[in-house]
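First up is the structure itself, then whatever we jot down about it.
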């Protein structure tokens, strides 16, 4: 049995290319075994509140010192952490928005990157606790950011690899769907390449 966590984040909904291919990959992975499970969080349709003073205080306090409001905030964050830790495979879909990830995805990260739960500090440095997971990132972009002159503007993939690695998730595969603003032929080529890559990865899993 494999537990799959699908995180989609594009505010474009059904028109989103990253949502489409992340969903397709997660679906193909789930279909490999009847015992596989799939949990889907759509961060645009059901946004996770950004960190505020209540939530920040809640995750820093022992449970018996929290106010009622802080307990609710901590329980919500704990649920997200539990979903992540239970997953064997994580599929993340995001568009490249102003050279980085969607803010809703950042909010999810801020809730699951928790000291003592998904990482810990030691005398020799931080240690990730969310280990043993395969992560797939589907990144959609209007331009081309996987290579060429604009690669340095792609802050999304380096950031995601850094923060995921910090939590112990180092086996990361990136699927680019890019050049989507370069006309119909470019879109057709990008979509075909993404479809082939999704099929390849699903078969290899």
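Cβ from N, Cα, C; glycine included.
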(request) Among 9, 10, find me the residue Swiss-Prot lists at the same FMN site as 16, 17, 18. (result) 10
(request) Starting from the Cβ of residue 16 (FMN binding site), draw a 10 Å sphere and report how many other Cβ atoms land inside it. (result) 21
(request) Excluding 10, 16, 17, 18, please set out which residues of the same chain place their CB within 8 Å of the center of the CB atoms of the FMN site, keeping sequence order. (result) 8, 12, 15, 19, 20, 21, 22, 93, 94, 95, 138, 140, 177
